[in-house]
Structures are given as C-alpha cells and as structure tokens.
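Contents: one structure, followed by commentary.
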Amino acid sequence: MSHRRRPHAPGPPPPPEDGGGDYSPQSPGKAPRIRPWPERRVLALALAFRAVNALLVRTYFNPDEHWQCLEVAHHIAFGYGHLTWEWKRGLRGYLHPLIFAALYKFLGFLHLDTPWFMVMAPRLLQSVFAAFGDLYLYKLSKLIFNEHAAQWTLFSQLVNWFMFFCITRTLSNSLETVLTVAGLYYWFIAIESSKGISVISKQQASSYQSPHSRKVALLIAALACAIRPTSAITWLYVGLLDFIYIKSKCRFLFLEVIPIGAIVLAATTFLDWWMYGSRVIVPLNFLKFNLFSSGGDYYGTHVFHWYFTQGFPSMIWTFLPLSVFGVIKSREWRLSGLIAWVLGVYSILGHKEFRFVLPVLPLALMFSGYFLAAMSQFKGKNLHGKRHFSRLQLSVILLIITNVPMALYMSLFHQRGTEDVMFYLSKEAHNGRVKGVLFLMPCHSTPYYSTLHSSLPMRFLDCTPSDNKGTLDESDRFLMNPLDFVGEVTGNLSSFSHIVLFESEERHIIQLLLHDSFQEVRRFFHSHFKIDRDLQSSVVVYSRRDVL
C-alpha cells in the first residue's frame, strides 16, 4: 500500500482553473474544507438503513442462511431442529449459531417467539452487525484516503445491490465480511502514523505501529477465521506483506500472533467439544473436506475464471468501472492486490459461490468511492458556458437506477415463495392446523423448524453426499420420476397433513394427491425466471380435506 499521503487531510485538492489535471488525495496543495460526518451520525444512518434493509429482504438466497445457522440455533435454544450431515461430520463450528441461539432464548423468555419475530429478529440482529461494518468501512476509507472519499464509499456501500441483498442475511459470510472490514481498519491504524507523523514510508511504518490496535486487529482476524476458516486466505496476505517490514519479528510472532490465535482457537475448540460431545477439530475437518478433498465439488463446479468474469462482476455490478479507475488512480496496490489475491485463491477451488468472496466486495466499493470523490472536483460546462449534468451526476444517476431496482427486485420478489410458504405454515401451526409436512422439492429449498417453530413431524428430500460417486440422492431421484418416487419412498401420504412442492413438479403427481384426498389450499409466487432445472414459478401447498 502506498503511504504517500496526508492521513488526516480533510478533503481533496481543488481542480486547476482550466479544469485539467488529475485528482489524487496524495496531491499537495491546499484542500477545500469538507465537513466531516460525526461517526455517531454515520452509525445512526447505517443502523436505520440496515434495519429497513433487513425488513425488505423477504426472499430465499442460499440454504446456509437457514440450515447452517438458524436451524442449528433453534436446535440449541428450543431442543428441536434439523442438523444437516455437516454437523454430524464435525465440519461446522458452533460460535456463529450460538449468537442467534442467544437471540432465540431471549425471544422465548419474553414470549416473543411468534411467527413474525422468529423470521425477522435474526435478520434485524444481523442488520446491527452490518451497520457496524458500514461504519468501519467509512473509517477505513477515511484513514486510507480522506473524508470526502469516505463519504462516497459509504454511498457506494449502501447503494450496491448485492450488499443490500446479502449483508443482512444470517450467512456466516455476512458476519465474516463485517469482521474483515473492522479488522483491516485496526490493522491499518496500527501501520499508519499513530503519533502525528504526516508522511511515512513502508520501512518507517513499522516504527510507529500501535501494539494495541494491532492486537485488536489480530483478535478480530482470529474470530473471523473461527467463523469461516477460509478467512485465513485474507489474513495470510495481509500479515505476510507487513511481516516483511516489521523489525521485531519474533515479538510479533511469539507475543502477538501465536498467543491471540491460540487463545481463540482453544476457546472455540473447547466450545465445539462441549456442543458436539466429542473431541472435534472443526477448522481441520473443514479444510480437509473443502480444500484437500474437494468435497464442495459435490454441489457443483465452475470454470476457474468464474469469479473474475462472472461472479464478482455480477456482485459489484455497475460500480465495476469506477472501482477499476479508482484502483489505477489511487495506486493503493496492496488493497487492490488483496482483492485479486482472494479472487485468485478461491478460483483454484472447483466449487464457487458469490458469497465466498463477499468480504472483499466492500474493499472494491471503497475504490469506487475514491473515484467518485475525484469526479466531484470537476464541473462540466457546455460550449456556451452553461452548466450541464456533470460526470459525477450522471454516474450517480446511473448507479442508482441500475442498483436500487435490482436490489428491491431480488430482495422482495425473486425466490420469495419458499420463504412465504414457511411463514404461512408457521402461522397455521401456531393455530393448531398443521399435523405434519412433506416437502416434495429439492432438498433445503425452504427454511425449516427455525421458521415453523413447532415440534411437528416434517420430511424433506435428503441430499447427503454419498461415498459412492454416481449415486443419486433423493432430490435427483424425485426430479427424474416424481410419481414413482412418491409411491416407493414416501409411503402413505396420509401421515402428513400438508404437502409442499413447486408448480413444475405438481403436474406430475396432482392425480395422486387428489386420489389421496389432498386439495390445494395456497399458492405462492416464487420466481419469474428459471433457477435450476425448470421454471419454479410458484410454490403450492396441498392439505388433506379432513384437516381443513
């Protein structure tokens, strides 16, 4: 990272009178006064925005949001809930679910464990974490660039469609993202001048490191790795680059890195031993399965360049060119190198998902904020000397009209049927009108007990990976031949009061359902577009006539 800057510059320098020249926060000269935003005000704005954000997210994105967090938390708090095969093999740690288990316990103690609170409270809690992530991104951008760039960084963070769509979900990647940004802020605080030095080089940086800030950064990094062991990819890059310039390397390793890492590892390991009831080393099992044995490939693979050509560009969306220009203009090669490093390492793995690289999306948006701040220094005029829309105004308009509608559509409409159906069933169960539910759809298509919040018998199609390659799971077998599968595997349908399935499979077994005295009671919109195999346009609920 370049240190040729004034860390506390209040704003960028003014443009030349002829309108030419380049903007750079590192440029010398008198800067116009940019009114700083109090951090309390930034946090209040972020808290309010993310709370609304959480309330507007009503769609289904990734099964792990429910099945690897809330379902486990519900099992801990209320004694029932489904634990997937990963928990039987010791691949997941309990630290993240325990946060939401405490929330569930609190709701139960106050008798607020109603259908609405059970659905919305976890996302509202995550919105608080997300708001602190927004604040620390603002502070990080202010530290590395200046106040003006930090304000535009916050704009980029709040407007980006994928951050709106994902950051308030209870995925471990969402909390990992917040911890990564906060950890980087304290790490760069440690590197930057903490004693009022205006300009420092990389070699000088080590002389002015703040031990307290660096220890806080290491603690946050350790917690991020405890929640997502693959977060070590990020911190390996950050730590190794600065390790080169640290004079007291032994002190750094043996008095800071190893003790802090060992304490967090020991604490989380004992926590997992207690919760599992056996000696399980979760980070080792996680890395063995996902990195060394390519176990994640069972859920699909992508070409090696997917993150660079499809995945990350889809996430950053129309902010991409601004971020690229911001990287080039700012010459902050270390942070931009971190983004490239994370994308590159994850590209080696066969199984790829958008959420895996979520922690570096705020960093890319920070460069977008830098470039927007640079653009704000130039005011365009036409040939007659009259002002017209500036490049900044046009860019802001473009960013808003390409991100806000997409954020709202993806959060409010796309794949909402599986969320709506469980909220409906939870209200029905709360009123005693559900006796048992059968889900005839691909495994983990809906939330489960964490939303239903009733200890009723339920059955879904299993998709536990088989040790024998080529063996079809229940989801695949059902989709290949729905009618035969229902007759052979599920047995007597009368043991269930409700059956839930997608419209695309309904036509194959509707006669069987009618024959067994089931009739349609509700139909929920799900999607306008094809998702996996067929267009899953709606989710249908059938109920036995004697239950109605």
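Keep in mind that glycine also has a Cβ here, set from the backbone N, Cα and C atoms.
Per TrEMBL, the feature region 'Disordered' maps to 1-34. Among the features that TrEMBL reports, transmembrane segment is placed at 149-171, 216-240, 252-276, 304-326, 333-350, 356-373, 394-413.
Only residues 6 or more beyond the boundaries of the transmembrane segment (149-171), in the same chain, are considered here, and those with a CB under 8 A from a CB of the stretch are 12, 25, 34, 37, 42, 46, 49-50, 53-54, 57, 61-62, 64-66, 69-70, 100, 122-123, 126-127, 130, 133-134, 137-139, 141-142, 177-178, 314-317, 319, 322, 354-355, 358, 361-362, 365-366, 368-370, 372-373, 376, 396, 399-400, 402-404, 406-407, 410-411. Sequence-remote contacts of a segment are chain residues at least 6 beyond its ends whose Cβ falls under 8 Å from one of its Cβ atoms, and for the transmembrane segment (252-276) they are 76, 90, 93-95, 98, 211, 214-215, 218-219, 222-223, 225-226, 239, 243, 246, 282-283. Annotation: stretch 304-326 has the most Cβ pairs under 8 Å to the transmembrane segment (356-373), among 216-240, 304-326, 333-350, 394-413. Long-range contacts of the transmembrane segment (394-413) within the same chain: residues 56-59, 155-156, 159-162, 164-165, 317-319, 322, 372, 375, 525, 528, each at least 6 residues beyond the stretch ends and with a Cβ under 8 Å from a Cβ of the stretch. Residues 1-2, 144, 233-234, 237-238, 241, 290-291, 294, 296-297, 301-302, 304-308, 312, 327, 356-357, 359-360, 363-364, 366-367 of the same chain lie 6+ residues outside the transmembrane segment (333-350) yet bring a C-beta within less than 8 angstroms of a C-beta in it.
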